[in-house]
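Notes to accompany the following structure.
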Amino acid sequence: MIKVFILDDETIARINLRHLINWEKEGYVICGEADNGADALKKAEELQPDIIFTDMNMAGMNGVEFINQVKRIVPSAKIIAFSAFDDFEFVRQSLKEGAVDYLIKYRMDAESLLSMLESIKNSIRTESMERQKNDRIREMATSGKALVQKNVIMNSLNGYLKDNFTAIIKEYEIDLDDKNLIIAASRIDDFYSIKEKFNTQERAVFIQTVDNILTGICEDIGKTVYVGMDEGKYIFLMSFGDILSEAAIYSRAITNIGTIEGTVKRFLNVTLSFGLSGICPVAAKIDEYYREARKVLDDGYFKGSNYIVQKRELACNETPRRNTGLSAAEEKNLLGGIRSSKKDGVIKTLEDIFRSMKENKCPFDTVKMTCIDLINLLSRVIKEFNISSGKVFTSTSSPYDDFKKFENLEELLNYFKFLYTTLLDVLEQNKLNSGYSPIIKKSIDYIINNYHSDISLSSVAEKVNVTPQYLSKLFKEECNEGFTYYLNSIRIEQAKQMLAEGINFKDLAPKAGFNNYTYFFTVFKEFTGMTPHQYEKTILKEKI
């Protein structure tokens, strides 16, 4: 609706105009009235009408004075002057001050009023469209400038423009100094979970809202700019000009980061984590400090979420005691727990692994290697027990991609606890659904837990309280293979696993449960088609 305001010191004149046409039916609404110029100015400022009817001959402030003042308050309003007098001077003055038309009260009828209003309505629409167009042009120019600035900054961070950084920040009006810079890599905590709550459009709105907030904060802080990276990840550049004290620079940087984090949390109820580089003394080294900031953010894994980690915090831990993936002992403990169905033992081993990484403040590369080893171990067990991988890895994406979604050690630990307990549950269910008799189930459990010991058909039969002959008969009937063949198959699988773990050859046979190396050699080749040495070479080739 187009808003109309009426100013006339005669009540009857206002009533007549109000009832001359059906305003709302024609697309107008009378938003206010006044009987004097001073009151009309106050109301016009508040109501911001599109069209103002004003009498010209009024006591106090006349129509010419009113038009002159109201155009300053509501410059876009269309003024229609009307009077009971056919006075050329009033007409001339009103049009000079900005009125778009002049009406004589006693000649005004519905038809002439509607004709004039339709012309004004078209003019208002045209001007509105033009304003919107100009606003879009200004917005595009502003956003285009911001986009160019961010592209320039990104190229500088990647090393392409670093040598010309001083000239570039002046040319592109980037609010930074060219020395004493700190770079902060940042990410929205738990971003993958946040994404899952939104559809594509809502996600785009969320990202744009974050961008708008960050733009405003950086402008308020000053000497601070940011660029968006992948979804939910940002790089902030802060410069501190001629400040000489390192402590003062770091203090200011932490204050700035706190302002950014606090504002985002207040408006969107999400938290950010930050990794801060050291102080970059000159712009020519900006790419080095950019890479450093990203690494510090990644290596802050041990902090959890909503953290700020500085390069100097990690400097004392450049060579952590733990700098590889799973150790042989950790693999052995996990495999032992899985094969003996000891869920508590498996969970404890996982907790010990992640506690070690946290205590050693391990770099992200070590965390990643450990996660890959944990997934590889799961895959080997799945293959060994002929389980469908989909029963353990329930996600539609690859587990090697899934673990990268988690942003701290606690989330990763919970993820692997879930995978390993799922595996144990599947193995247990397979046992229940195997169709084996209770005697064979007990026998198999005993073999799996004691394969490395000196066990035989007689010793197992004794454990399950049957005769050796009866146990042998049951194995052939239920497992479709003899006791000795089944025992050797378990032992050779364990031997293969030990070779993968790098167990010394001289220890291999006894650890797998064979007292005679020659017999072990023969059985190994029978099951694998290779000697232990050949099998080890195959494993090494696969790892390369």
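Quick reminder: no glycine exception, Cβ is built from N, Cα and C everywhere.
Listed features, source TrEMBL:
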type	residues	note
DOMAIN	3-120	domain 'Response regulatory'
DOMAIN	441-538	domain 'HTH araC/xylS-type'
MOD_RES	D55	4-aspartylphosphate
Note the mean pLDDT of the domain 'HTH araC/xylS-type' (441-538), expressed as a whole number.
89
Same-chain residues at least 6 apart in sequence whose Cβ lies under 8 Å from the residue listed as '4-aspartylphosphate':
L7, D8, D9, E10, A13, G63, F82, S83
Do you know the DSSP helix, strand and coil residue counts for the domain 'Response regulatory' (3-120)?
54 helix, 29 strand, 35 coil
